[in-house]
Amino acid sequence: MERVNDASCGPSGCYTYQVSRHSTEMLHNLNQQRKNGGRFCDVLLRVGDESFPAHRAVLAACSEYFESVFSAQLGDGGAADGGPADVGGAAAAPGGGAGGSRELEMHTISSKVFGDILDFAYTSRIVVRLESFPELMTAAKFLLMRSVIEICQEVIKQSNVQILVPPARADIMLFRPPGTSDLGFPLDMTNGAAMAANSNGIAGSMQPEEEAARATGAAIAGQASLPVLPGVDRLPMVAGPLSPQLLTSPFPNVASSAPPLTSKRGRGRPRKANLLDSMFGSPGGLREAGILPCGLCGKVFTDANRLRQHEAQHGVTSLQLGYIDLPPPRLGENGLPISEDPDGPRKRSRTRKQVACEICGKIFRDVYHLNRHKLSHSGEKPYSCPVCGLRFKRKDRMSYHVRSHDGSVGKPYICQSCGKGFSRPDHLNGHIKQVHTSERPHKCQTCNASFATRDRLRSHLACHEDKVPCQVCGKYLRAAYMADHLKKHSEGPSNFCSICNRGFSSASYLKVHVKTHHGVPLPQVSRHQEPILNGGAAFHCARTYGNKEGQKCSHQDLIESSDSYGDLSDASDLKTPEKQSANGSFSCDVAVPKNKMESDGEKKYPCPECGSFFRSKSYLNKHIQKVHVRALGGPLGDLGPALGSPFSPQQNMSLLESFGFQIVQSAFASSLVDPEVDQQPMGPEGK
């Protein structure tokens, strides 16, 4: 409370005091009356399933729309006598007293947005939610609440986030055009015109087409373009009922320029206005202002490229929806778009035609990517590696694979368990989860198979889809494997394992067999080459061992000590002849196949410990991890030889016989030979 000087006081003297908080306290008390059961409230606003009691004086003071509606009710006695009256979007219920109807039903505003606007009328505070921001702004323009309009303008200037149009619900009808079929009933967007029309006796004489056109014009007029909102001048106060044109369209210029919706157009007539035209007043109104909405779901973008990418997900373009892709407008110093010369030529950005896959319906931007995608359905792999023959569906992946042969593709991420290298850390993590861990959280619902990663499960699910039966044996296979399967019936096995003499129809199956059952990759046996019948000894003796006199090759020790070869008729076939070289060392004298010698020439990665050559770095890393690191113990120092093999040599042989001869030779040969070598200094010479 403060004292102010008042010149109107006479010479007798008077004092004038002003309470600055009086208006705030008055609004607070009125708000408490409204919330406490609607005490002393003289109007009930029904929005959807909710009711909002309020004071006419507060609504009329905040909203020029309510001021016009209540003024029309005061000037007409029809609603006061209890007769039914429909105010377009606001329906007056019977039972009103002197001063108009006590109930007003709002059809065009959701209860959530109207509650925020009503709270602002009593508290001068409003919560702006981005998901309902377009609806709030349109409702503020419709209700002619200038303060809320200025707040929305400020939000647009300061906010750069995407504004989402609210979803299609029964209680959100402000962003739906008249006659929308998904709601089940036509929407009346005039919101105040019909009551005044009924009061003047105009609505009864209008034809249905005129009523639809008037309702459409009012709906378009109440929803002008969103981003740039012009200042709203106060409506002139009238003592009597307002004219129907004034109540129907608060923005007469916009309403007169907007064409009415027509159900069917003939030749030469303008096209039917679509959803965005009815929402934003004129075709392309938002796009000219710098905001680009999607024509299907209503999502708003500020970048034309993002809008095109989003529309491609729907399978349509802006051109197909009836909108021309305009370049983003230039903004002036005040943040408003600069109007360009209307007489200048309008440029259309070239839009690519969207193409879709006929099988799965996926959308692609051109035919090249569509044809590349079709290979995933046919299983065709037209590109093959010139080095190893591995086939690929895409040329870029084949080129990347070819670089792995000459070492240009680095694999810095090494698995600590098996030594395999990877070019990316996520590939290493997927390898560890799938191979070296026992957790399988992702399960197949069809066959109950479990997998470590979701990608493995997704690849496995393809095995249960689109299987076709073989015409010969009736086995169900995917189309990608049917060609290889038919070779079994027509040609028979053409690729033979050089160790176990087992035949396979394709080289890829042979590679899997050799890696699974024999431990390391072996040279391919051509279609016209005789299979090796000596148990693969030629392959195992390809490398020269510098053993001293009296010693044998490691594979001979393993063969002679193994009971799995006792049933052979001639054990001499498994023994390899030896001859002494000039320096006194012994080496295996077994003929090496020609293709083996050729394959050795391709091995460019030598082992720094034993001098063995390998075809790739991954095989070299596996060899070092299995043979040298485990045998020597790595960082364990002198305890390495003791911990390299947890069992005795005899226990190792009996334990590992079931895993195959090659695993014994590659993984545990050094653990059986090195202890003898290490004991040489402990002989009579050392003692």
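Even glycines carry a Cβ here, placed using N, Cα and C.
Note that this is a predicted model, so its numbers are computed, not measured.
According to Swiss-Prot, the compositional bias 'Polar residues' annotation covers 250-260.
Look at Swiss-Prot and you will find 41-130 tagged as domain 'BTB'.
Summarising the annotation, Swiss-Prot assigns region 'Disordered' to 250-279 (among others).
Annotation comment: Swiss-Prot describes 332-351 (among others) as region 'Disordered'.
Residues annotated as region 'Disordered' in Swiss-Prot: 564-587 (among others).
Annotation comment: Swiss-Prot describes 292-314 (among others) as zinc finger, evidence class sequence analysis.
According to Swiss-Prot, the feature zinc finger maps to 355-377 (among others).
Listed as Cβ neighbours of the zinc finger (383-405) (distance under 8 Å, sequence separation of 6 or more from its ends, same chain) are residues 372, 375-376, 507, 616. The zinc finger annotation in Swiss-Prot covers 383-405 (among others).
Under the heading zinc finger, Swiss-Prot lists 413-436 (among others). The helix, strand and coil residue counts that DSSP assigns across the zinc finger (413-436) are 11 helix, 4 strand, 9 coil.
Away from its own ends, the zinc finger (442-464) comes close to residues 430, 433-434, 478 of its chain (Cβ-Cβ under 8 Å, at least six residues beyond either end). Annotated zinc finger per Swiss-Prot: 442-464 (among others), in sequence order, evidence recorded as sequence analysis.
For the zinc finger (495-517), the model gives a mean pLDDT of 83. Feature annotation from Swiss-Prot assigns zinc finger to 495-517 (among others); the stated evidence is sequence analysis.
Taken from Swiss-Prot, the feature zinc finger covers 605-628 (among others), and the record attributes it to sequence analysis.
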Practice task
Using DSSP, tally how many residues of the zinc finger (495-517) sit in helix, strand and coil.
Solution key: 11 helix, 4 strand, 8 coil
Completion exercise
Residue counts for the zinc finger (605-628) under DSSP, helix then strand then coil, are 12 helix, 4 strand, 8 coil
